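Asks: The structure's right below; bear with me while I get my questions together.
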Amino acid sequence: MADDTAYILSEYLQTLDNVPNETKHIFDEISVKEVAVHDIWKRIQAADSQIQSYIKSHGSLTPHPKEDALYSTIREEYQKAINIQNEKVQLADRARLGLTRHIKRLDDRLAKAGHGFTAAELLNAPDYYASSPYGGYSPSGASSARQTPAPSRSGASTAGRRRTSATTRGAIQNGVYHSPYTASLADSGSTRGQKVSNATATTQLETKADSTTPNEMVSEEDMEEDNEKYCFCQQGSYGQMVACDNANCEREWFHMECVGLKAPPEGTWYCEACRDQKLVDAK
């Protein structure tokens, strides 16, 4: 069993060779779009300054000769900025989905190995994740608030579960766009892993904002929305989530704020319903 798991992990790591470059490409695009938003903001400020300067010189009762045109320009520029920001959210979701697909693939194979499958059977089986949108993320603004993984029921074993955190938006610092977005697969302090964001993507002004590569990480069909409901609140996946260690837990995944957790729990953790049930069973 240990040899099978090690073999699966070794093969799995080889599939991650292109992930850094693919993720960096997406965040380079986000960086270029951020520069475009900055340019739009400067144009908005320039138009507004014309109006404000005229008011200071002629008073607020005398309209600027081009006031209507300037206000129209400002509204159009704001709409452009909103559209670009939405595109940035879509790109971030695409990167997140790609990383989640890789994690789910490993979870699924390890879960199968734990049920008697051999490494050869797992690695020779058709790759379900290569052709199926098994990430549950939509690039639309509706899903941007979730910014989380879509927990998989297939990874019911404790070792296969992961606690995940929301996407952290990058910031422009000294002209470099810092966009944290890589995953850490192991957390030695608990039975579940935890994804940690810590990567950067540098601005490349010559890159086209709408550029794509033949080796696109995620296809459009991978962007289908996850309609699964989790937690006591029966909402979709968003923010930080933690898995109940009861393999038969009805809900399995919970939003940390809903269960009163400020930080990921150490060791075994059960939801309130499972804790109550264990007390009943113990009587």
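Glycine residues also receive a Cβ, built from the backbone N, Cα and C atoms like all the rest.
Relevant sequence annotations retrieved from Swiss-Prot are reproduced here:
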- Cys231, Cys233, His255, Cys258: Zn(2+) 1 binding site (BINDING)
- Cys244, Cys249, Cys271, Cys274: Zn(2+) 2 binding site (BINDING)
- 137-171: compositional bias 'Low complexity' (COMPBIAS)
- 181-216: compositional bias 'Polar residues' (COMPBIAS)
- 137-224: region 'Disordered' (REGION)
- Tyr230: site 'Histone H3K4me3 binding' (SITE)
- Met241: site 'Histone H3K4me3 binding' (SITE)
- Asp245: site 'Histone H3K4me3 binding' (SITE)
- Trp253: site 'Histone H3K4me3 binding' (SITE)
- 228-277: zinc finger (ZN_FING)
Asks: Is any of the binding-site residues Cys244, Cys249, Cys274 within 10 Å of Tyr230 (site 'Histone H3K4me3 binding') (Cα-Cα), and if so, which, in sequence order?
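Replies: Close binding-site residues: none.
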Asks: Which residues does Cys244 (Zn(2+) 2 binding site) neighbour through Cβ under 8 Å, counting only same-chain ones at least six apart?
Replies: Arg251, Glu252, Trp253, Phe254, Trp269, Tyr270, Cys271, Cys274
Asks: Within 8 Å of the centroid of the Cβ atoms of Cys244, Cys249, Cys271, Cys274, which other residues of that chain place their own Cβ, given that this set defines the recorded Zn(2+) 2 site?
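Replies: Once Cys244, Cys249, Cys271, Cys274 are set aside, the remaining close residues are Asp245, Asn246, Glu250, Arg251, Glu252, Phe254, Tyr270, Glu272, Ala273, Arg275.
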Asks: Express the distance between the Cα positions of Met241 (site 'Histone H3K4me3 binding') and His255 (Zn(2+) 1 binding site) as a whole number of Å.
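Replies: Roughly 4 Å, rounded to the nearest whole number.
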Asks: Reported as an integer number of Å, what is the Cα distance between Cys258 (Zn(2+) 1 binding site) and Asp245 (site 'Histone H3K4me3 binding')?
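Replies: Here the two Cα atoms lie 17 Å apart.
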Asks: Give the sequence-ordered set of same-chain residues, not counting Cys231, Cys233, His255, Cys258, with Cβ within 8 Å of the centre of the Cβ atoms defining the Zn(2+) 1 site.
Replies: Tyr230, Phe232, Gln234, Gln235, Phe254, Glu257, Val259
Asks: Helix, strand or coil at Cys274 (Zn(2+) 2 binding site), per DSSP?
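Replies: Looking at the DSSP assignment, Cys274 (Zn(2+) 2 binding site) belongs to a helix.
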Asks: Cβ-Cβ under 8 Å from His255 (Zn(2+) 1 binding site), same chain, 6 or more residues apart: which ones?
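Replies: Spatial neighbours, sequence-distant, of His255 (Zn(2+) 1 binding site): Tyr230, Cys231, Cys233, Gln235, Tyr238, Gly239, Gln240, Met241.
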Asks: Count, for each of the binding-site residues Cys231, Cys233, Cys258, Cys271, Cys274, the other C-beta atoms lying within 10 angstroms of its own C-beta, and report the residue with the smallest count.
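Replies: Selected from the binding-site residues Cys231, Cys233, Cys258, Cys271, Cys274 on minimum Cβ neighbours within 10 Å: Cys233.
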